[in-house]
Amino acid sequence: PAPRGTPQIEVTFEVDANGILNVKAEDKGTGKSEKITITNDKGRLSQEEIERMVREAEEFAEEDKKVKERIDARNGLETYVYNMKNQINDKDKLADKLESDEKEKIETAVKEALEWLDDNQSAEKEDYEEKLKEVEAVCNPIITAVYQRSGGASGGSSSSEEDGHDEL
């Protein structure tokens, strides 16, 4: 209870799902009430702004896809080139199995590809793919020949051993 002469006012606050605030004040003594609704439009996006942003996202989706494809193509080329570089220098891989002229051809192709990558930072997807084909055209036949030689050598020795067993 408030001292005599002090009005008793009941204030009710309600916030709905849209963030709209409804305030109701009622004077208990007179029964008179007032109501006000407060909306906070500042900082909120209008429907037009939302639609514009969706349109822009759709417009840029195609461009983003092209950029991703370009980056993937560049990464594919870089990965192949660095794998070749590692294989020809790693004794556990191809370093000991390559002839000097084969190693030189691969080293030259790798060096040229790395220089090309440095000089063509913003090349198109097709350019990266074309360069990858060029490097593969040099490296793959050599790698295939090395594997055939090493596979053929072990196959030859096993057939010799079998022949040896037949002779015994």
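In case you wondered, yes, glycine gets a Cβ from its N, Cα and C as well.
Listed in Swiss-Prot:
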CARBOHYD  Asn120  N-linked glycosylation site
REGION    148-168  region 'Disordered'
MOTIF     165-168  motif 'Prevents secretion from ER'
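Mean model confidence of the motif 'Prevents secretion from ER' (165-168) amounts to 49 (pLDDT, 0 to 100 scale). The Cβ of the residue listed as 'N-linked glycosylation site' lies under 8 Å from the Cβ of Asp127, each of these being in the same chain and 6 or more residues away along the sequence.
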